[in-house]
Amino acid sequence: MLRKTLTLISLRRPFSSIPSKTLTPHQKSSFESTLHHSLITHDTDQAWKVFRSFAAASSLPDKRLLNSLITHLSSFHNTDQNTSLRHRLKRAFVSTTYVIEKDPILLEFETVRTVLESMKLAKASGPALALVECMFKNRYFVPFDLWGDLLIDVCRENGSLAAFLKVFRESCRIAVDEKLDFMKPDLVASNAALEACCRQMESLADAENLIESMDVLGVKPDELSFGFLAYLYARKGLREKISELEDLMDGLGFASRRILYSSMISGYVKSGDLDSASDVILCSLKGVGEASSFSEETYCELVRGFIESKSVESLAKLIIEAQKLESMSTDVGGSVGFGIVNACVKLGFSGKSILDELNAQGGSGGIGVYVPILKAYCKEGRTSEATQLVTEISSSGLQLDVETYNTMIEASMTKHDFLSALTLFRDMRETRVADLKRCYLTIMTGLLENQRPELMAEFVEEVMEDPRVEVKSHDWNSIIHAFCKSGRLGDAKSTFRRMTFLQYEPNNQTYLSLINGYVSCEKYFEVVVIWKEFKDKKAKLEHALADAFLNALVKGGFFGTALQVIEKCQEMKIFVDKWRYKATFMETQKNLRLPKLRKRKMKKIEFLDAFKNWARITT
């Protein structure tokens, strides 16, 4: 709506119906004062009324005020809530063109740029073009570099680069005829105009005329310039012209053909000549291997052309032929097979159908054709299908890279598809992948978070002899901790025995997990057993572990063993908070009744009395 309004207003002559009358110096001063106050207070409507009063008298305010007004009207961040952006921008356009026609010397170049910047944000290409044409018509020559880029952007965004071509030509004419170098369009503008000729208008005559204009202006073409011409020549089937372009690029020292080849592919696809498009891909591989530089956009354009023509067989054939030409050092992501299948996936076309066609033709597209499909499966959560495809890949003698394995294993663990994750890891081991550490940690962490200690134990047993995996004590600790947390203390104890049998050294965390597990199930005698083993190993006792032992032993009533722990703490100068264990005793053993004295209970009574004396318990 805004663009339409501005376009219509650009066709009218502003203030043409306002009768002219002369302002006295006093009136002009009063108007300027009112205008200044209106701008300060952001009263847009009042400021506009004052400007109309000036226009009615065929006059204009002070230069500074005039530029401030137009800048205010153009602002996208104007705080005036009473006037819409559409109205303000319309008024900015009208006032600017009026000043250009009336007295352009009052208009600052930066003010014109501000207006055009706002038109760009409003996507108003029609008024922007009209404003520049008004400047030309009234010989108000603003340096091209102040407005050219803005006009190109707004025209390109609206798909009207062809409209920019007229302004470009006029600016070239002015620069030459008036000998004004600052009006010369630069290379960016020349390429935009060339894009309009080649891509939008597809006019050979206009394109060649524009190249001549560039030569007159001294603007040297770049790779993009040749690319636009290559598109047009391919679109028209002018092979000789393309050969001339390549020779010219060689003469000018352009080594890369990436843009040229991409543009040729685009032109051939647009004309329906898919065979020639395929030839460009293969030709690029015969040269310096620039197929690896083709963008995703180019591959999507190529694939779309083949799919619309129902030529999947030809697409598969292209992959096979390209695979024969690609060097062994070609990166997976840079292969033609990867580019084509990845484009299929992006366009929503089944990449698997390409694989089926490759198999039907008895050819190979290399590992690159599989990677996009695997990534798509992972993104969609189809991890079991991805794993099945990996099995097929391995059986064909191909090998995936570590990053692809990592991605698939992470996706499988996220989906809780532990079977697929473990299967993929086994495949990694069998294919002799050098780095297994990251995937190993991913699986162990995921199984721990999901409380699957039995799978963790099986996994560790399976991989612990593999030199590429470092199984350490903390891995066993994680398994023991998970078993204890889920109440499976028998399994935790068995894992502990297995750990020590394999000569992995238990540490404080190992014992803490076991103690906390037994305490939660009130199996305090097991803590006594652990203490005996700990003491026999002559392991180093730390404060947290001593606290865990004492807490469990006091709760269980094993005061003799508790005294051993206290003695060890004193020996190692570990602080023991006796008030804490006094509280634990009073909480758990306050109803303790000594049985009738018997010979076999005497030792227990002695330990109880000794502990009470140590903790200063008088009851």
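All residue numbers here begin at 1 and follow the chain in the order shown.
Glycine too: its Cβ is placed from the backbone N, Cα and C atoms.
These come from Swiss-Prot:
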- 186-221: repeat 'PPR 1' (REPEAT)
- 222-256: repeat 'PPR 2' (REPEAT)
- 257-292: repeat 'PPR 3' (REPEAT)
- 295-329: repeat 'PPR 4' (REPEAT)
- 366-400: repeat 'PPR 5' (REPEAT)
- 401-435: repeat 'PPR 6' (REPEAT)
- 436-466: repeat 'PPR 7' (REPEAT)
- 472-506: repeat 'PPR 8' (REPEAT)
- 507-541: repeat 'PPR 9' (REPEAT)
- 542-576: repeat 'PPR 10' (REPEAT)
- 1-100: transit peptide (TRANSIT)
- Query: Which numbers of helix, strand and coil residues does DSSP report for the repeat 'PPR 8' (472-506)?
  - Reply: 26 helix, 0 strand, 9 coil
- Note on the structure: With the cut-off at Cβ under 8 Å and a gap of six or more residues from its ends, the chain residues touching the repeat 'PPR 6' (401-435) are 332, 367, 371, 374-375, 378-379, 381, 383-384, 386-387, 390-391, 394, 442-443, 446-447, 450, 452, 455, 459, 463, 466, 468
- Item | Range from 186-221, 222-256, 257-292, 366-400, 436-466 with most C-beta pairs under 8 A to the repeat 'PPR 8' (472-506) | 436-466
- Query: Mind checking which residues reach the repeat 'PPR 1' (186-221)? Cβ under 8 Å, same chain, six or more beyond either end.
  - Reply: 144-145, 148-149, 152, 155-156, 159, 161-162, 164-165, 168-169, 172, 175-176, 228-229, 231-232, 235-236, 252
- Message: Based on DSSP, tally up the residues of the repeat 'PPR 2' (222-256) by helix, strand and coil.
- Response: 28 helix, 0 strand, 7 coil
- Provide the three-state DSSP residue tally for the repeat 'PPR 9' (507-541): helix first, then strand, then coil. 26 helix, 0 strand, 9 coil
- Task: Report, as numbers and ranges, every residue of the chain located at least six residues beyond the repeat 'PPR 7' (436-466) whose Cβ falls under 8 Å of a Cβ in that stretch; write 'none' if there are none.
- Result: 402, 405-406, 409-410, 413-414, 416, 418, 421-422, 424-425, 428-429, 475-476, 478-483, 485-486, 488, 491, 495, 498, 502
- Mean pLDDT, the repeat 'PPR 7' (436-466)? 93
- Item | Composition by DSSP (helix, strand, coil) of residues within the repeat 'PPR 3' (257-292) | 30 helix, 0 strand, 6 coil
- For the repeat 'PPR 6' (401-435), what are the DSSP-based totals of helix, strand and coil residues? 26 helix, 0 strand, 9 coil
- Message: Give me the DSSP three-state residue breakdown of the repeat 'PPR 10' (542-576), ordered helix, strand, coil.
- Response: 27 helix, 0 strand, 8 coil
- Task: Just give the helix, strand and coil counts over the repeat 'PPR 7' (436-466), going by DSSP.
- Result: 24 helix, 0 strand, 7 coil
